[in-house]
Amino acid sequence: MASQLTQRGALFLLFFLTPAVTPTWYAGSGYYPDESYNEVYAEEVPQAPALDYRVPRWCYTLNIQDGEATCYSPKGGNYHSSLGTRCELSCDRGFRLIGRRSVQCLPSRRWSGTAYCRQMRCHALPFITSGTYTCTNGVLLDSRCDYSCSSGYHLEGDRSRICMEDGRWSGGEPVCVDIDPPKIRCPHSREKMAEPEKLTARVYWDPPLVKDSADGTITRVTLRGPEPGSHFPEGEHVIRYTAYDRAYNRASCKFIVKVQVRRCPTLKPPQHGYLTCTSAGDNYGATCEYHCDGGYDRQGTPSRVCQSSRQWSGSPPICAPMKINVNVNSAAGLLDQFYEKQRLLIISAPDPSNRYYKMQISMLQQSTCGLDLRHVTIIELVGQPPQEVGRIREQQLSANIIEELRQFQRLTRSYFNMVLIDKQGIDRDRYMEPVTPEEIFTFIDDYLLSNQELTQRREQRDICE
């Protein structure tokens, strides 16, 4: 009978507890689903200790070696480690606190942090050259180290240093220096002529002789100035050497390098021309070439060279007015004489009484200076055959040349027309009625002048005013 009751009780208990272990899973519950098992294990929650502010030693008693813990408890002065007690930590002199300066007794019976006292030390002082030091207490706080130098050396700087609370040594590191500076002797001063067509000369010399009277050691030698073998410009140049020994003594010496440039007298440009020169234009080896303005031909040597005797070779040429040969076989032969020398303004009119022609010639005759300044030559083609006239200045052109010029430049006899040709023989502008000289000059200045002409125009801006 008792056995039957026991079996019934077990079945009842199993039936009653079955819903409590149903394998239901919730996110973050601490349970994990597993399709291959139906059993689960409930996570046991540890029991939190009962908090009691009356327990005198809720946390262990604080003891900090080489330091002190000053505690304040809510329960009074006799409670130094009860729940809620706060302790301020500090170290003895010569020690540094590592960790928390303030901790509190927590409900977990632990302090809120840890700390300890580390003995303060300074770094080991480095040895000094030609000297030594002795210390009273090694590298510990308040240790004093006194410096001394070897015989023949003098101490410069702090004679003693003390290890301070911040872990640093007081003062600065001294040095032992010898009394005598090194001996140095520079090479002799020298003079050299510049090379042909150059304004510089390459100069060499031997290094200075240096010796130290103390231990014979020279740490470095510095040069103030160009290195040996450098190119020196014209003039005097001071070269200075400075030698340093191991004790930082120094000695200096200097010498002078003088470079001379052989120069010729300054050349003057020819009248109605200009010069282009190499190098500086007046130094030994320089070449100056003579050029003539448009409308002028050079007569004489084209260039001169500055010689070692400081004199120019040859004699200066002159720029003579350009001679135009109108007795040529073709218009091409006529135009070749102006190539790269002159610009041409060719005027064509049906007869000398043409109103446009007379107006244009009148304006140009009043602007001959501006035309010459811009290297412009006027060619006139006026009238009808057989009375047609062609002229350049006072020279008459043949009928064949007149006809070829008209065909080359497409100039009609039927009405007034005019063409401007540049120094390369290219048609640059055409006019069907008179234009002022200022309009022609502006066009030439803006579009046709070479760099050399632009320079001359800036120099001669007011020459025609």
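Cβ coordinates come from backbone N, Cα and C, glycine included.
Annotated features in Swiss-Prot:
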| type | residues | note |
| --- | --- | --- |
| DISULFID | C71-C105 | disulfide bond |
| DISULFID | C91-C117 | disulfide bond |
| DISULFID | C122-C163 | disulfide bond |
| DISULFID | C149-C176 | disulfide bond |
| DISULFID | C264-C306 | disulfide bond |
| DISULFID | C292-C319 | disulfide bond |
| DOMAIN | 69-119 | domain 'Sushi 1' |
| DOMAIN | 120-178 | domain 'Sushi 2' |
| DOMAIN | 177-261 | domain 'HYR' |
| DOMAIN | 262-321 | domain 'Sushi 3' |
| SIGNAL | 1-23 | signal peptide |
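Here C264 (disulfide bond) is compared against the disulfide-bonded residues C122, C176, C292, and the shortest C-alpha distance is to C292. All protein chains considered, the CB of C91 (disulfide bond) has 20 other CB atoms within 10 Å. Mean pLDDT, taken over the domain 'Sushi 2' (120-178), works out to 90 on the 0 to 100 scale. The number of other CB atoms found within 10 A of the CB of C122 (disulfide bond), across every protein chain shown, is 21.
In this structure, C264 (disulfide bond) belongs to neither helix nor strand by DSSP; it is coil.
Taking only the Cα positions, the spacing between C117 (disulfide bond) and C105 (disulfide bond) is 20 angstrom. Geometry remark: C71 (disulfide bond) versus C91 (disulfide bond), CA distance 15 Å. Cβ neighbour count for C176 (disulfide bond) (all protein chains, 10 Å cutoff from its Cβ): 21. For the domain 'Sushi 2' (120-178), the DSSP-based tally of helix, strand and coil residues reads 0 helix, 26 strand, 33 coil.
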